[in-house]
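Novice: The active site, proton acceptor annotation in Swiss-Prot covers H177 and rests on sequence analysis. If you look up Swiss-Prot, you'll see V15, D36, R41, Y66, G80, A81, A120, T121, N122, T145 marked as NAD(+) binding site, on the strength of sequence analysis. For Q83, R90, N122, P123, V124, D125, D150, T151, A152, R153, T231, the entry in Swiss-Prot reads substrate binding site. The feature beta-D-fructose 1,6-bisphosphate binding site is assigned by Swiss-Prot to R155, H170, with sequence analysis given as support. As annotated by Swiss-Prot, compositional bias 'Basic and acidic residues' applies to 296-310.
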Amino acid sequence: MIQRRTVGIVGTGNVGTAAAYAMFNQSLASEILLLDQDTRRAEGEAMDLMHGQQLVGGITCRAVEYAALSNAQIIVLSAGASQQSPDETRLGLLQRNAEIFREIIIQLDKHAPNAILVVATNPVDVLTYICQELSSRPNRRILGTGTLLDTARFRALLGRHYGVDPRSVHAYILGEHGDSEVPIWSNATIGGQKIRGETVLGKEWEEEAMQSIFEQARDAAYEIIDRKGHTDTAIGLVIARIVRAVLEDQQNVLPVSTRPDGAYGIDDVCLSVPCVVGLEGMEKRVDPGLSDEEREALRDSARALRDSRADLTVGT
């Protein structure tokens, strides 16, 4: 018997809707199930997508309650509170989102205990850690989108700089999805040729130019938010990429947020390292052979993430 491929999305704001559109347009699943506290919003998004069904094929989309997620193989968590006022602290916002996620995890452990969870709400690394702490499912089955988007931005900018298809660029940003993230220059390559300190495709390595490229990738969200008020399109594609890797058991190596479990001397935190992603979620970790400087920067990133949740309290 052929099993229907079912994807759930909890939270139909800008990011959840962009993810639904990306998956719908790519026909990644048999059905996409949308759930939101604002049920009419979820219904409206499902209706809007279904009006394009004839153009993409037999995929269906509908608004549901938690019980309907029982057959979902993978569920995206894109719900979250927005800042209530300019005076609200980052910790205050994080505290409210942590409480929202606690309620979500209670429902998902009850109705969809076997589903892979993909966390997309920011701060994604801290919320991925919270989900792993609260959920009864194995940690490997809870991933965060992490630095996959940062890495995509990084490769796109490097591809533009060197005049090649970004898919021919192999370079990672690891660690926190945020200010402490780390560019991995030591093994960044184009066509197998290392970039750092080398002349590639007629372009010499210039430290200042490369630092600028990294900073553009790291700070891209701020620039986009300044212009359009939010980010959604690219992160929607990133979520679809992870969903495809899981549903099709692709065994892709992707920088997603998970627990290093002692790798690089890091524990008790979620951050992005290269992982093999397949049907079971995070199936293996890959050690890309970081330089001593990069390893220390990754440990600094882990410390920053631990500090960010130091005063957080989440009931169980």
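In case you wondered, yes, glycine gets a Cβ from its N, Cα and C as well.
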Novice: With DSSP as the yardstick, break the compositional bias 'Basic and acidic residues' (296-310) down into helix, strand and coil residue counts.
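Specialist: Residue counts for the compositional bias 'Basic and acidic residues' (296-310) by secondary structure: 13 helix, 0 strand, 2 coil.
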Novice: 10 Å Cβ neighbour count around G80 (NAD(+) binding site)?
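Specialist: Total other Cβ atoms inside 10 Å, all chains included: 22.
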Novice: Report the largest Cα to Cα distance, in Å and rounded to a whole number, among the residues V15, D36, R41, Y66, G80, A81, A120, T121, N122, T145 that the record lists as binding NAD(+).
Specialist: 24
Novice: Could you check which of the binding-site residues V15, N122, A152 is the closest Cα neighbour of H177 (active site, proton acceptor)?
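Specialist: Checked the binding-site residues V15, N122, A152; minimum Cα distance to H177 (active site, proton acceptor) goes to N122.
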Novice: Cα within 10 Å of V15 (NAD(+) binding site) is the criterion; apply it to the binding-site residues V124, D150, R155, H170, T231 and give the hits in sequence order.
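Specialist: Checking each Cα against V15 (NAD(+) binding site), the hits are T231.
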Novice: Could you round the CA separation between T231 (substrate binding site) and A120 (NAD(+) binding site) to a whole angstrom and send it over?
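Specialist: Their Cα atoms are separated by 12 Å.
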Novice: Determine the Cβ neighbour count for the residue listed as 'active site, proton acceptor': the number of other Cβ atoms within 10 Å of its Cβ.
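Specialist: Cβ-Cβ neighbours of the residue listed as 'active site, proton acceptor' within 10 Å number 29.
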Novice: Taking the Cα atoms as reference points, how far is R155 (beta-D-fructose 1,6-bisphosphate binding site) from A120 (NAD(+) binding site) in Å?
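Specialist: Rounded to the nearest whole number, the Cα-Cα distance is 21 Å.
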Novice: Helix, strand or coil for H170 (beta-D-fructose 1,6-bisphosphate binding site)? Use DSSP.
Specialist: strand
